[in-house]
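The annotation active site, proton acceptor is assigned in TrEMBL to Glu1257. What TrEMBL lists as [2Fe-2S] cluster binding site is Cys13, Cys15. If you look up TrEMBL, you'll see Ile158, Ile159, Val160, Gly161, Asn162, Thr163, Glu164, Val165, Phe238, Asp261, Leu306, Lys343 marked as FAD binding site. What TrEMBL records for 130-316 is domain 'FAD-binding PCMH-type'.
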Amino acid sequence: MEQLDEYFTGNLCRCTGYRPILDAYRTFTSNGTSNGTSVDNNSEVVGGGCGKADCCRLMKTEGVYNNGIATTTDTTTTTTTTTHDGEWSCREGRHLHQENDFTPYDPTSELIFPPELKVRRDLDDEYLVLRGRQVTYHRPTSFTHLIHLKHLHPAAKIIVGNTEVGVETKFKQCVYPVLINPTSVKEVTQVTLTNTGVQVGAAVTLTTLQEALILHTNSLPEYQTRVFSAILEMLRWFAGKQIKNAAALGGNIMTSSPISDLNPLLMAAGATLTLNSTEGGERKVALDQHFFTAYRRNIVQPEEVLVSVHIPFTTQNEYFHGYKQSRRRDDDIAINEYFHGYKQSRRRDDDIAIVNAGCCVTFLPNTTTVSKLSMAFGGMAPTTVMALRTMKELKGRAWDASLLEEGTSLLLQDLPLAPSAPGGMIEYRRALTISFFFKFYLSVRGHLSVSVPSLVPTLTSDELEVTRVHTYKHPSSAQLYEVVPEDQPQLDPIGRPRVHTSALKQTTGEAVYVDDIPDVKDQLQAAFVLSTRPHARIISIDESRALAVEGVVAFVCHRDLTEEQNQLKFPFDDEKVFASDKVTCVGHVIGLVCAEDRKTAQTAAKLVDITYEDLPAIITIQVSIITIQDAIKAKSWWEPKTIIKGDVNKHLNNNDNNKNNDNKNNNNLILQGEMHMGGQEHFYLETNAHLATPGKEDGEMEIYSSTQNPTLTQMQTAHSLGVDANKVVCRVKRMGGGFGGKETRTIVACIPICVAARKLGRCVRVALERDEDMVMTGGRHPFFSRWKVGFTAQGVLTALDMDVYANGGHTIDLTASVLERCIFSLDSGYNLGAVRICGHACKTNLPSNTAFRAFGGPQGMLFMEDIMSRVAAYLNIDSTLIRQRNLYQTGDLTHCNQLLENCTLRRCWQEVLEQADYSTRCQRVRDFNSNNRYRKRGLAVIPVKFGIAYTALFLNQAGALVLVYADGSVLLSHGGTEMGQGLHTKMIQIASRVLQIAPEYIHIAETSTDKVPNTSPTAGSASSDLNGMAIVNACETIMCRLEPIIASNPKGTWKDWVSKAYMERISLSSTGFYKTPDLVPYNFEKNEGRIFNYFSFGAAVTETEIDCLTGDHTVLRTDIVMDVGDSLNPAIDIGQVEGAFTQGQGLYTMEELLWKEPLPRDKDFTPWRNYCIHHKEPYLQGDLELIKFLVEGAFTQGQGLYTMEELLYSPQGALLTRGPGAYKIPGFQDIPREFNVSLLRGAPNPRAVFSSKAIGEPPLCLASSVFFSIKQAIAALRSDQQQQQQQQQLSPVFRLDSPATAERIRMACQDFITAKIETSPPGSFKPWSVRV
């Protein structure tokens, strides 16, 4: 499993929840056995063999499998439990697959490396040179040739894995005319053991380095390899296996990144570099404070080559220990030198550091007196730096509390950060340096207590926790669902866990997406020309330079359409296909370049010259309105929406300062507060991809599109082309994820290529790069709330007055609907009493934010849950009890006056408390917190009540087309689209039940507007309900026609009946239609209407542990009980629960919209100039071009430095986080260590197909249980501080905005460290980033 974990690091697919992937691959590891059950003794994961009949894992010896443990399984229960392996134990069989269907093992089919390539070295040993139009690539084979090439081309880049230069050329448009690959030069690719250490060639990959260091740590005396152990530990978190296979140690040094993970360790260890050049010969330099001279610059001369890195041994009297390294031995006590490495990033695995450090201390023998101290830090300056003053002043001091106090003060002086320094997070980064030093201090004290016990007392238990090394534990899980009744026909698939219809094709790569469609003759590729200004008039568009590029065919813009055709009509008419007179956001589509290939189109698009005249903001004299606060100040919003129920003023009395709260026995207590919730990028795996094929007659157009909304695409294309909708066909085979991002925003990419295809009479296709997709299409809306709540002394709510603001972007798109969903869902499962909720859709100069899974619900529910947590904190009552006292039950009216029917919320709540063993674990958490000062745990229970239906009444309809062919096969079409959520699988199951045939008879080819017209978007979790009922309608029509045939031959087969019907000229095709009954549009003035068809309910318990010194957190366990009615497919439904939860976990704890301070338009680089001067870089003064280069480089680097699924924008609205290197989403190691999902039993839903319930969105909101468990852990720390430091008034009622990033967690854990960090008053500086 350790190998599997390493290879999975860096692979991203959060919508799966990761658990199924881990379970599937785990069956191939040595941790598994062949029978698919969990191992009783150690809960290790088990699985099947490799496929060979004589697989070692299938060979049993005395009841035990050779490579695992045989166990027994109880399959008599009416529920199904899966632990670890993801396979289903049910009466029908334990597996989702049938092993009998597998292709027999063929040894000739084994994937092996071609032997011929293994033995042939002649081609690799030859000098290779490749010459292109812009770049020449050299691969020398001798060291002499290598340094000669560098002498001839001093500016040449030496590359090994191209992990840095590749990024620069793609995203920074850097051009390097000469590239040199030294991987065939043995002098730079060898690892050599010397008398003093290990000499590592600069071109040695990190994987090779890792293997060599492991070899030497296992073969050499432990005391010699302590540095190696620390480097190995850091390499665990450095990057994924794929990157380590390519990236080289020398590249890590020569890029001179200020947040390199290895450079602080090498600096603290005293590593030595060997350089060589043709004229200067060999020279050796120390990797110390003099090596790095400026941001990404060092002392190596242009013509020099880094040959090798010498990593020294430690001696018998030295100790080198990596902070995350667990390798210790008894002889560690006889040492005088201690070394620790530290790193903090937004995601633990495969992420760039925010701040990192290497710390080393040497003591005089048998004393606690410091003889030498070395500390290097990354992320605190334009270069990796050493804390020189601290190192000097602490020399000769005893390692005691006074040294700690003095050291923290000195570090703050050594490592200053200006309040506007690039990267932001100023206070947090400064606090991290002290936290690292404190951890180092305690770790060393722990070793000293063993080596000189008479001088140093042992660490306390909570101090030992500070030094504890993080260890990754393989997640365990259980999935429970109700099995089908025994009398259900075996042929009936409803309620059974069936494999996704595309699973095998997707696994093997055979599934076809838009960009997989083969190229056609005369096809063109397109690339977009986008606005670089947030609000400006377009003075001119000059495409001449682009058209001059060889291979460019045309440039398309607003001039190719009439004014009416250029207007986007759907969903609203406030946006254009191409910006014509002005742009209103960065990323606004201005034009399209069409070329013979994609690279040419992308290159030419950057050559289109746009001349702008900046305009003031929408209302104010600002250049642009970016943040919600900007919009509030300018009152820039569309028409507000208000819900009023009861007399709010009667309960709140309009008090501004909680004046009624002096007496907590008062039943009219009041609290007020604010909260901000950041946005989120969809980050679907398949970016926007579209192919437009013009017809040869009648203005026809055929579109293959990655869209959730084919009808919208059809209608808008028809409008822009000036034809009727019946001339346009939109086809959707499948999408690689959508999450709402492809509901409306796909038209900004699709319609332009249709215009180009019509103009040129040729097929045009586009597949957006990840950065383009992120810039153009918007994301989840950031929200802000201001509220006042009334409640009794028992915590029962009496009134709520709230203003909610959503950052909609430059067009309204779906913002009004998202806002409505937010305020409709804001009750979050609680009876609120009197209510006044006013929602504001803010108009800003950002790309339009749009639909995202749960569509405003997560924001509203989070605000409500935050209120509940603050009320509980104020009353000093368990928040679980406060929530429980306010829960809805059947018969209650919501704040929108909708009656709750069949409300299972309290059942879900009670079952999850029992499943999670909540009471027992509450006490364990209290015990843990009382015994640990620097690590805290929190346990939170969160409910969800999620309404199912489109709030736009007309969308609650669906159609289907069922075609039965004479051979008995069935072609099924419906209005929903498949984006990986399993919709097609469920629709086949529904048709299978109604037609009473096996699912294998039924096929869904695609979703197409020429099969089912006027489709609603696949969104809102309603697609199974709507399309499923339409399919039932169509299939029942066919079955009615077949009734006489079946009655005449009841023992016949389906094929017999169909054949007979065909021969008797009975129609075997039928359309189906369904509209949701009983819905009544909501009336805001009267607060009445039936908005939702029904509600989905659920509850979750999550336990989280935080590191109070760094802000890091670990989700220890999550239990979920979800009401899905009678599940159509438990396998898919549980997968949806887990995937939604993981996506929500990213939303609430990692993904944040930040907006970085802009590059001034007048090219005033004073902030950066001052910053560089402050860090003693005087040669930068006055050198404007160099400063500009540094700014741009730092801005781009900052994307990776300080983000974890965090969207960075400048205040002018330019998105800076444009890919996975910058935008961090949850990875495999972020999911709960224990993840248990149970589907509520015995809760049929009479208002949906076959008594099922929607599942796609509601579980996402349960991920806020992670957020509130974190908040509870912070509250435990603050309570400790309140008791221990009476002078520090830490209110139990505190604000924590979402997402709960490491920065927010750490800075909320106020302690003696944060007290030392000075903050600059707002308005006294220009911040690097702002919150939108």
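Every residue gets a Cβ built from N, Cα and C, even glycine.
Here the features listed in TrEMBL are painted onto the structure.
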{"residue": "Cys13", "record": "[2Fe-2S] cluster binding site", "Cβ within 10 Å": "21"}
{"residue": "Cys15", "record": "[2Fe-2S] cluster binding site", "Cβ within 10 Å": "26"}
{"residue": "Ile158", "record": "FAD binding site", "Cβ within 10 Å": "23"}
{"residue": "Val160", "record": "FAD binding site", "Cβ within 10 Å": "23"}
{"residue": "Asn162", "record": "FAD binding site", "Cβ within 10 Å": "16"}
{"residue": "Glu164", "record": "FAD binding site", "Cβ within 10 Å": "18"}
{"residue": "Phe238", "record": "FAD binding site", "Cβ within 10 Å": "24"}
{"residue": "Leu306", "record": "FAD binding site", "Cβ within 10 Å": "24"}
{"residue": "Glu1257", "record": "active site, proton acceptor", "Cβ within 10 Å": "27"}
For this session: Please find which two of Ile158, Ile159, Val160, Gly161, Asn162, Thr163, Glu164, Val165, Phe238, Asp261, Leu306, Lys343 have the most distant C-alpha atoms, given that the record lists them as binding FAD, and give only that distance in angstrom, rounded to a whole number.
Result: 28
For this session: Just give me the nearest neighbour of Ile158 (FAD binding site) among the recorded positions Cys13, Cys15, Glu1257, Cα to Cα.
Result: Cys13
Exercise. When the Cα-Cα distance from Leu306 (FAD binding site) is computed for each of the recorded positions Cys13, Cys15, Glu1257, which gives the smallest value?
Worked result: Cys13
For this session: Compare the C-alpha of Phe238 (FAD binding site) with the C-alpha of each of the recorded positions Cys13, Cys15, Glu1257, and give the closest one.
Result: Cys13
Problem set entry | Candidates Cys13, Cys15, Glu1257 (recorded positions) with Cα within 10 Å of Asn162 (FAD binding site) | none
Problem set entry | Overall pLDDT for the domain 'FAD-binding PCMH-type' (130-316), taken as the rounded mean | 92
Exercise. Do you know offhand how many angstrom separate Val160 (FAD binding site) and Cys13 ([2Fe-2S] cluster binding site) by C-alpha?
Worked result: 28
Exercise. What's the CA to CA span in angstrom from Glu164 (FAD binding site) over to Cys13 ([2Fe-2S] cluster binding site)?
Worked result: 24
Seminar exercise, completed: As a whole number of Å, the Cα atom of Cys13 ([2Fe-2S] cluster binding site) is distant from the Cα atom of Glu1257 (active site, proton acceptor) by 17
Seminar exercise, completed: Spacing of the two Cα atoms, the residue listed as 'active site, proton acceptor' and Cys15 ([2Fe-2S] cluster binding site), in whole angstrom, works out to 12
